[in-house]
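Asks: Quick one: the structure is below, questions incoming.
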Amino acid sequence: MSSDFLILSLAPLLVAIISSMSCALLGNFLVLRRQSLIGDAISHVALPGIVASFLITGTLAASAMMIGAGVAAIVTLVLIEAIKRLGRVESSAAMGVAFTAIFALGVLMLEMSDASGVHIDVQHALYGNLESLIWFEGLDWTALFDPAALAELPPQLPRVAWVGLLVAIFVVVAWRPLVIGSFDPAFAASVRAHPLLTDVTLVIMVAITAIAAFEAVGSILVIAMFICPAASARLMTDRLLPQIAWSQVFAFASAVLGYVLAGYGPGWFGHDVSLSAAGMIASVSGIILLFACLFGPRRHGAMARMAAD
Amino acid sequence: MKPFNASQHAADSSPLAITGLTISYGQKPVVFSVDCHVPAGSLTAIVGPNGAGKSTLLKAALGIAPRLSGDIRVYGQPYRSQAHRLAYVPQRSSVDWDFPTTVLEVVLMGLFHTMRWWQLTRRHHRNKAMECLTRVGMDAFAERQIGQLSGGQQQRVFLARALAQEADLTILDEPFAGVDAATEKAIIEVLKSLKREGKTLLCVHHDLSTVREYFDHVLLLNIRRIAMGPVDDVFTAENLQQTYGGRLNTIQLERIATPDSSTSQV
Amino acid sequence: MIDSFWQALTFTAGYNTTLVTLGSAMLGASAGMIGSFIVLRKRSLVSDAVSHATLPGLVLAFIILALLTGDGRWLPGLLIGAAASAAIGLWGVQAISSRTRLGEDAAIGAVLSTLFGLGVVLITVVQALNVKGQSGIDSYLVGATAGMLASEAQLIGISALVVLIVVFMFRRQFLLVCFDRQYAYTRGINADHIDMMMLLLLLTVTVIGLKVTGLILIVALTIIPPVTGRFWTDRPSRLIAIAALCGALSGYIGAAASSSASGLPTGPLIVLTAFLLFSIGLLFSPRRGMVAMLLAQHRFRRRVHLRQGLLSLARDEAIYDDLTLKVLRRHGYIRRDGVATPPGRVAARDAEHEEHLWSLYRQLYPDEAAQLDHQGLDPIEESLPPDMVSSLENRLPSPARSAR
C-alpha cells in the first residue's frame with residue numbers, strides 16, 4: 001500500500017499541491033487588480049506555444065516547450081496591448097480577440113503537423129495529465145532518503161518546486177510595490193514604486209507559473225487554480241495577509257481533496273476506475289468558492305455591509 | 001499675453017515649473033501650451049471648468065500622463081530625481097475602497113521611499129504613521145478596514161499618507177470633493193499649517209466661493225492658461241468670465257470675485 | 001486542394017458540404033450579430049464563461065443518452081444538455097458578480113474553469129463506462145464538421161437563422177439597453193428582461209456553434225466580428241450589419257477551407273478567417289485603423305510643435321524642445337543656429353496674430369468656442385465665417401502685441 005502511494009501518488013500529489021499554492025499566491029493580486037482574465041488568456045495560449053516549439057525544434061524537451069509557451073504568452077500580451085491601444089478596443093474584447101486567434105492557430109498547426117501523433121494533443125493540453133507522473137523508484141519509504149531514487153522523480157516535480165520558490169521570492173521582494181500598485185496606481189507612480197514594471201513582472205510570473213503547472217494540470221484548470229482559492233479567500237477577510245493565508249489553505253485543500261476524490265473516490269463506491277485528478281481539483285476549488293459565496297463572513301463589499309447595518 | 005521673461009529665472013528654484021506643456025488625447029488637446037511656475041511656500045489653487053485639464057496637468061507634472069510637448073521641472077530638476085520631495089494625493093474616487101487593507105497600512109504606504117524591500121515595518125514607522133493620523137484627526141480609526149470609512153474620512157486618510165511622505169511640495173487632486181464640512185475644515189487647517197512650515201501646496205479646487213478664503217495663489221485654467229498669480233490680482237471677475245465663459249452669470253461672478261463679500265473669519 | 005476549396009465556396013462540392021458551409025455562414029452571422037450587443041455592453045468574455053460551461057452538461061447528456069439508448073451521439077439531446085449547464089454557468093457569473101464583492105472578471109474565470117473541470121471529470125467517467133461513440137465528445141472541443149450528418153447541419157443552420165431573425169426584430173430594444181439603461185426604463189422597456197434575452201440568445205448561439213467551432217473557439221465568433229465592425233463605422237445599426245457580414249464570411253470561408261482537405265479542423269479555420277478580417281480593419285480602416293491613426297497623430301504632433309515654436313519665436317523666447325526646433329528648421333523658419341529667418345518672423349507674427357484672434361473669439365463667444373473641436377490650431381479663416389473674422393480683426397486692440 002505504502003509503496004503504491006509512493007510510486008503512483010506522491011509525485012502527482014506534490015505537483016498538484018505546489019502548483020496550486022503558487023498559482024493561488026499570484027491569484028490574490030490578479031483578483032484584487034480585477035485582472036483575473038489575464039490568467040485565462042495566458043493559459044489558453046500555452047498550447048500554441050508548445051506546438052510551435054515542437055515544430056521548430058522537433059523535440060518535446062521540457063526546456064523547449066517552456067520557452068515556446070513563454071514566447072506565446074509574451075506575443076499574446078503584446079498583441080492584447082496593441083489591439084487595446086492602437087485599435088482603441090476595450091480590454092476584455094481585446095483579450096478575447098487575441099487569445100482565441102492564437103489558440104486557433106495552435107490547434108491548426110497541431111492538426112496539420114505530425115505533432116498530434118506524438119505526445120501532445122489537444123485533450124492533454126486542456127485537461128493535463130497528473131496521473132502520468134509516476135515515481136518508479138519509490139518502492140518504499142527509504143527511497144525518500146536515497147539520492148539515486150530521488151533523482152528518478154518525475155522532472156515536473158522539481159520544476160514546479162523551483163517555480164513555486166521563484167513566485168514566493170517575487171511576492172516577498174516586490175511586496176510593497178505590488179500592494180501599493182494594486183491599491184492606487186497613480187500614487188504608486190508618484191512615489192516611483194514602478195507600477196508599470198510591477199504590472200509587467202506580475203504578468204510574466206503568472207505566465208511562468210501557468211506554463212510550469214500547465215503540463216501537469218492542463219491549461220483550463222490552471223485558471224481555476226489562479227482564481228478560485230484567491231476569490232474564496234477574498235470573501236473570508238478584509239485584510240491582505242490573512243487573505244493570502246486563506247488562499248493557501250484553500251489551494252492546499254483543493255489539491256489534496258481533489259486528488260484523493262479522483263483517485264480513490266470511485267473505489268469507495270466499488271468501481272475500480274479513477275477520474276481526472278486535475279478536473280476534480282478544479283471542481284473542488286469551485287465548490288469551496290461556492291461555500292465562500294454563500295457563507296463567507298466578508299462575502300459582501302464593505303459598502304454593502306454598511307448599507308445593511 | 002503672458003509675463004514670460006519675468007518668471008523665466010524663477011524657474012530655477014520654483015518647486016514646480018511647467019513650460020509649454022501640451023497634452024492631448026487623440027487629436028484634441030486637453031492642455032495646450034501651458035506655463036506655470038508655482039511659487040515656493042505658496043498654497044496654490046488650480047481652478048477651471050470641468051474638462052479644463054486640471055487633473056491632467058497634475059498627472060503630467062508627476063509623469064503619469066504622457067505629454068505631447070513641454071518641459072516640467074521640480075526644484076529645477078527633472079521629476080525623476082526629485083520624486084522624494086513631492087507628495088501626491090489622487091482623487092478619492094480613483095481607488096477601490098474595498099481593498100483589503102487598514103487605515104494604518106494606507107498611511108504606511110507614504111513611507112515607501114524610506115523602506116527597502118527587506119525591511120519590516122517597525123514600531124517607529126507605525127508611530128510616525130499614527131502621528132500623521134492624529135494630525136488629521138483619524139487616529140481612532142487606525143485599525144479600521146478602509147471600506148468602512150465615510151468619504152470625508154477616506155480623504156483625511158489620503159492626506160495623512162501625504163503627510164507621512166514629509167514632502168516639500170504636495171499636489172492634491174480635488175481634496176474637498178464630496179467631503180463633509182468638518183473634514184473640509186480639518187483639511188484646510190492641515191494645509192495651512194503645512195504652509196506655515198514653509199511647504200508648497202498645489203491643489204485642484206472646484207469651489208469658487210472658497211478660493212479667496214483658502215488660497216494665496218491661483219492658476220485659472222481652461223485648456224490654456226487664462227491667468228496665474230496672487231489671488232488678489234488674478235481672481236477677478238474678468239478672468240473668471242474668460243475661464244468659465246458663459247457658465248457663470250454676472251451676479252455669481254460679482255459675489256465670488258469681490259474680496260469683501262466672502263471675507264474669511266479665520 | 002485549391003479545387004475542392006473552390007468547389008466548396010461555389011456550393012458544388014456535394015449536398016453535405018454545401019449544407020455545412022451554409023450552416024456555418026448562418027452561425028457566423030448570428031454570432032456576430034448577438035455578439036455586437038455583448039461587446040457594446042463591455043461583457044465580451046461572458047461568452048467565454050458560457051461556452052466553457054457547456055462541457056459538463058454536454059457530457060452528462062452523453063452519459064444519459066448512452067445509458068438509455070446505447071449510443072450517446074444524438075446532437076439535439078447533447079445540445080439541450082449543453083444549454084442547461086451553460087445556463088447554470090451564466091447564472092453563476094451573474095450571481096457572483098452582483099451578490100458578492102468579487103468582480104465580473106473573477107466570476108467569469110471561476111465559473112469557466114470549475115465547470116470545465118467538472119466536465120473533464122465526467123469525460124473520465126465516460127471513458128470508464130466504455131460505451132459506443134465516446135470519441136465523438138472530443139469533436140466538441142475544437143469543432144469538426146467532417147462527417148457531419150445532413151440533419152445536424154440543417155439543425156444548426158435553422159437554429160442560427162431563428163436567432164438571426166429574433167435579434168433583428170429586437171435590435172432597437174437591445175441597442176437602447178446597451179446604450180442607456182435608465183433611459184430604456186423611462187421608455188417602458190424592462191432592461192433586465194432585455195439583458196436576459198440577449199444573454200439567452202448568446203447562449204443559444206454558443207450551444208449551436210459547439211459542433212462547428214468547438215467550445216473553446218465559439219467565443220471568438222461572438223467577439224472578433226463586432227470588434228472588426230467597430231473599425232468601419234460609428235453607427236450601431238451599421239456595426240451590427242458589418243459584424244453579421246464578417247461573421248458570415250468567416251463561417252463560409254472557414255468551413256469551405258476545412259472541407260477542402262481531410263484533417264483540417266473547422267473551428268480554427270473559421271476563427272483565423274475572422275482574425276484576418278479583423279487585422280485588415282485594425283491596419284487599414286480609414287477612421288480608426290492603425291496606419292491612419294499613426295499618420296494623423298504624427299501630423300498633429302508636428303502641428304502642435306510648429307504652432308508652439310512660432311509663438312515662442314514671436315515672443316522672443318528660447319526654444320529647447322528638439323522636435324520643435326526640427327519642425328521649425330524643416331519649414332525654413334529658423335537657421336541652424338536657432339535664429340529666425342525672415343519668413344520665420346512673418347510666420348511667427350501671423351501665428352501670434354491668429355492666437356490673439358482666437359483668444360478674442362473665446363472671450364467674446366465662450367460657448368461657441370467650447371463647441372469647436374480643434375482648440376484653435378487650425379487657420380482661423382478656415383474655421384470661422386469671413387465676416388466673423390473681419391469683425392474680430394476690427395475689435396482687436398492695436399497694437400495687438402500689448403494685449404494681456
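Cβ atoms here come from the backbone N, Cα and C positions, even for glycine.
Sharing the feature lines straight out of TrEMBL:
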TRANSMEM  A:6-30  transmembrane segment
TRANSMEM  A:37-56  transmembrane segment
TRANSMEM  A:92-110  transmembrane segment
TRANSMEM  A:160-183  transmembrane segment
TRANSMEM  A:195-214  transmembrane segment
TRANSMEM  A:249-269  transmembrane segment
TRANSMEM  A:275-296  transmembrane segment
Asks: With Cβ distances under 8 Å as the criterion, find the stretch in A:6-30, A:37-56, A:195-214, A:249-269, A:275-296 that has the most pairs with the transmembrane segment (A:92-110).
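Replies: Ranked by Cβ pairs under 8 Å, first place goes to A:37-56.
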Asks: With CB pairs under 8 Å as the measure, which of the listed stretches A:6-30, A:37-56, A:195-214, A:249-269, A:275-296 comes out on top against the transmembrane segment (A:160-183)?
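Replies: Counting Cβ pairs under 8 Å, the winner is A:195-214.
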Asks: Under a criterion of three or more Cβ pairs within a distance under 8 Å and sequence separation of at least 6, are the transmembrane segment (A:195-214) and the transmembrane segment (A:275-296) in contact?
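Replies: As far as Cβ distances go (cut-off 8 Å, pairs 6 or more apart), the transmembrane segment (A:195-214) and the transmembrane segment (A:275-296) do not touch.
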Asks: Mind checking which residues reach the transmembrane segment (A:6-30)? Cβ under 8 Å, same chain, six or more beyond either end.
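Replies: Same-chain contacts beyond the ends: 36, 38-39, 130-131, 133-136, 138-141, 143-144, 153-154, 156-157, 160-161, 163-164, 167-168, 171, 178, 182, 202, 205-206, 209-210, 212-213, 216-217, 222, 225-227, 229-231, 233-234, 240, 243-244, 247-248, 250-252, 254-256, 258-259, 263, 277-278, 281, 285.
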